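Annotated repeat 'WD' per TrEMBL: 9-50, in sequence order. Taken from TrEMBL, the feature domain 'Anaphase-promoting complex subunit 4-like WD40' covers 96-145.
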Amino acid sequence: MTGTLVATLTGHKNWTSAVAFSPDSQRIITGSEDHTSIIWDARSGDELVTICEHKKPVRVAEFSPDGKEVLTGSGDSIVCINDSLLGTRKHGWARNGDPYVTSACYSPDGKFVIVGYGSGNIRIRNTETGLLVADWEGHGDRVISVTADNKNLVSICEGGSIRIWEMANLTMPRDEQGA
């Protein structure tokens, strides 16, 4: 490691609050207080795609495990899945009553997105259909981090509790109320 600066990414109009590499390390996604997400070329620093799906700051920006999609979430409680090459929306949804998205990730197999909210709720959606498959109310405080393997989900809340949830049988969509 030399510590040599490779590129400086410039394009957001406000500070950046989320960043992630694509699985092949060729691209980077950033989310910003300017309500946008930008996908960049990791080598050149060139802006490839700008995604403008949110009305509030983007707090979460992640690539899918295969790198074909990106997941963004923001302070307007909106979560979007977009094509990572074109920026076109595949799915988008909002959770009425939840103040904002605080954390999110893909399951390692890419079949689900797991989203943590400021209300303490965790929602899981099928990435192919966009349908809600789980809605858990396990934390009394804001969910600050979620991560998953293909069997379990771990969530951490602002109050300090760490919970492990079984993810077996996440196939049937649930009835949504307020979404």
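Cβ from N, Cα, C; glycine included.
TrEMBL entries are annotated by machine, without manual review.
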Long-range environment of the repeat 'WD' (9-50) - Cβ separation under 8 angstroms, sequence gap at least 6: 56-63, 65-67, 70, 72, 74, 84-87
Average model confidence [pLDDT] within the domain 'Anaphase-promoting complex subunit 4-like WD40' (96-145): 89
